[in-house]
Amino acid sequence: MEMKKIELFYKWAIRVLILAIPLLTLYVSRPTYFPYITGRNFIFRILVELALVLWVGLAVLNKEFRPKMRGMQIAVLVLLAVTLLADIFGVNPKLSFWSRFERMDGFLNLIHLAAYFFILASVFKKEEWFWFFNIFTGVALTESIYSFWQKLGRLPSIQGGFRVEGTIGNPAYLAALLVLAIFFVFLLFIWREKEKFYEYGPAVGAALGIFMLQLEKIIHRSSMSAAVISSVNEITLVLFIFGLTFAFLKDFYRYIYLFLAAIFVWVVYLSATRGAVLALIGAAIIFSIGYLFFSGKERKDERIKRRIALLVLVLTAAVCASVFLLKDASFIKGNETLNRLTSISLSDRTTQARFVVWEMAWRGVMEKPVLGWGQENFINVFNKYYDPRLYNQEQWFDRAHNVIMDWLVTTGFLGLFSCLALFVLALSLIYKKLLKSEKEKDRNEGLILGTALLAYFGQNLFVFDNYATYIGFFALLAYVYFRCFRSEVGIGKNESIHRGSETKDVFSVLIVVFGLAVFGWVLWVVNIKPLIQARKIVASLELMQERRAVDAAVLTSFREAINVGTAYDGEVREQMGKVVLEVLDTTNGRKIPKADRENFVRATVEEMEKEIAANPNNVRDRLFLATIYDNFSEIDSSFLDKALNQLKEAVKLSPRKHQIYFALAENAMKRKDLNKAFLILEQAYELEPNFSDARANLAYVAAILGKDEKVKEMLNNKVKNVGFFKVGDVYVTNRNFKGAEFVYEKAIEVYPGGAENYGRLAGVYAALGKFSEAEKMAKKAVKIDPVSYKDKVNEFLRNLEKMK
């Protein structure tokens, strides 16, 4: 093969590999653990690694494709260096490097994103960028149509409810993707080149969306229901019609992008993602103000556009103000999406929780201000500085849900400044090279790019990054670099072909061959083995469901998953623990043969102990293991002591977490030390008196100990219905019917619509000889729930007549 053909091969191969990356957003690896995350991330890494090898060979051949160490490239390298130091000196370097299947983040992901950025910035020219943005747009269109089908109920939504999520699996992630796509279509709209079939760009994007949907159907057909397959075919047909229409309207292809932008805005609305909606509103305002400042003022058409920008600004402000002023109106309250979007308030429970989490995060920052705690270690800050006011929120936050706080906690002020430097450098380049340009197109493009960066940053104040936003953001940075420094080698320019020495040509080939050998090793260790393990986790869970048992075969399957031996072994151990607590520790689970149960529990305990030895700061795993010890203490008499030891370590790491105190109290009760349990639960109650579970648990133990005044004190505030039942059962068992009377009367006062409350109180009244009151309560129970209580109440009334 001639050397110039090798160079062309390098370039085309790199293009194909990189242009395939946006398509992965549509891929759902159904047989793997966390199917919406793992598969596409592993394939992304493989594509980037292979492209990196080829790029090195290309750079050896032709210096045009070597990275230029300008400000943005240096900033990316500085970010890498600072993050690496933060991870090395962080709480858990291994976790910081590899991350978890659920996130697929960490330093390993960041270094792949950096390589992706350098390849884009060094290789892509105007033509490649045109196709990249069209493919991204095609993906966004496919996601949008998929979301419409979810809204119509034709496709399932893994999170349920009224919010759409596409194939990404999360409404907020979908909205974040579409926010970037909106700006990409505006970029395509202002490009006016009509060469090499560029007018077919939207049609090609739709065609590639069809290709990915059909490819996934072929790969995962066995795991898809007939309804899902039918819906995928319907979406394919709609995409085909869109693509055909786009192809026939090629003379108007620029205006097709405006139509697509409108679709994307509508789907962002359907996702009901408040951060993304606020980002778009802010973007509309920023773009309009920017246009008023940077557009030309002399030409008539520019004056008209300035008036349009002013009109957009006024309408945006007016619509937002109207919606929020009318947020209590019935037409908004009756619309789930509008109601959610207008519920933004400082008094909103979610908003208040975010402020509490950020307060906790700041305390963590102050402890390690320079380099932070290392990536993926926010959970340690969350546990150490846990605020009991979060009792009604998610109990294991691994992100601060704010890009500034996340970077501060994980990489310190050095990391945050390194991250912000990317935005500052990009915005300064846009201002100097584009916004100050005399060309209208440059200024417009600068406004779009600058607004896109600010919108992306704005939405990240409420949510964290994922695969789709990462690839969009780093592509945006690379395009800003291209537009400001390399756009002169765009469309219509002949690509330079290397005319170097034969020695350099041979050296390039040798470099690529060596790189491919290294790639083979990295492919196995970094991607294939973890992917195999992720599949084996799902296979083990499916085997358990198929056999309807937790027997030797299931245990062997889990052991095979662990024996793959990767940095993700903890994921397998966690699933084994969940099987123990969610399957074996149930009524049906207790029916499983004793030998099988004990073997699985002991194997799980052994693996969990290994995990804690490797990650001693993991409070969640310690609590998890302690619960297993406590709940299966009949297997081994030493389990209670081992549970106590784990809980003592856990409370040192997270001294204000209710779950740990509840587990300590449970352990004390199993030891028959009720007074100790009472004291522990008093501590839990004092952490946050508004927590109904803490009050109910304390009331329960107080009832056992005969501390009736404490029971009344706890139940005088609202607790969950089950809390009343637990305390009432204690009193009934102890034949303290006066105490039970108080409990169930209080339950009815708090939950007047609960039929079971009336039924239970009827029984207590009967025991106290209050027959008329008992009859009255029984009839109220059947009135509320005739299906469940008609026969029971009839029998109760017959028995009541005999008691009189």
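Don't overthink the numbers, they just go from 1 along the chain as shown.
Every residue gets a Cβ built from N, Cα and C, even glycine.
Under the heading domain 'O-antigen ligase-related', TrEMBL lists 260-417. TrEMBL lists 658-691, 721-754, 755-788 with the feature repeat 'TPR'. What TrEMBL records for 12-30, 42-62, 74-91, 106-124, 131-149, 197-215, 255-272, 278-296, 308-326, 407-431, 443-461, 506-526 (among others) is transmembrane segment.
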Do we see three or more Cβ pairs under 8 Å linking the transmembrane segment (131-149) and the transmembrane segment (74-91), pairs being at least 6 apart in sequence? no
So if I exclude everything within five residues of the ends of the transmembrane segment (443-461), which remaining residues of that chain have a CB under 8 angstroms from its CBs? That is, six or more out. 175-176, 179-180, 183, 186-187, 190, 275-276, 278-280, 282-283, 286-287, 290-291, 294-295, 402-404, 423, 426-427, 430-431, 433-435, 437, 469, 472-473, 476, 479-480, 483
Note: vs the transmembrane segment (12-30), the recorded stretch with the largest number of Cβ pairs under 8 Å from 74-91, 106-124, 308-326, 407-431, 506-526 is 106-124
Please tell me whether the transmembrane segment (106-124) and the transmembrane segment (407-431) touch - that is, whether there are at least 3 C-beta pairs under 8 Å between them, with each pair 6 or more apart in sequence. no
Is the transmembrane segment (42-62) in contact with the transmembrane segment (506-526), using three or more Cβ pairs under 8 angstroms as the rule and ignoring pairs under 6 apart in sequence? yes
Could you give the residue numbers and ranges of same-chain residues that sit at least 6 residues beyond the transmembrane segment (278-296) on either side and whose C-beta is under 8 angstroms from one of its C-beta atoms? 179, 182-183, 265, 268, 302, 305-306, 309-310, 312-313, 316-317, 320, 344, 435, 440, 443, 446-448, 450-452, 454-456, 458-459, 462
Over the span of the repeat 'TPR' (721-754), count residues by DSSP class, listing helix, strand and coil in order. 27 helix, 0 strand, 7 coil
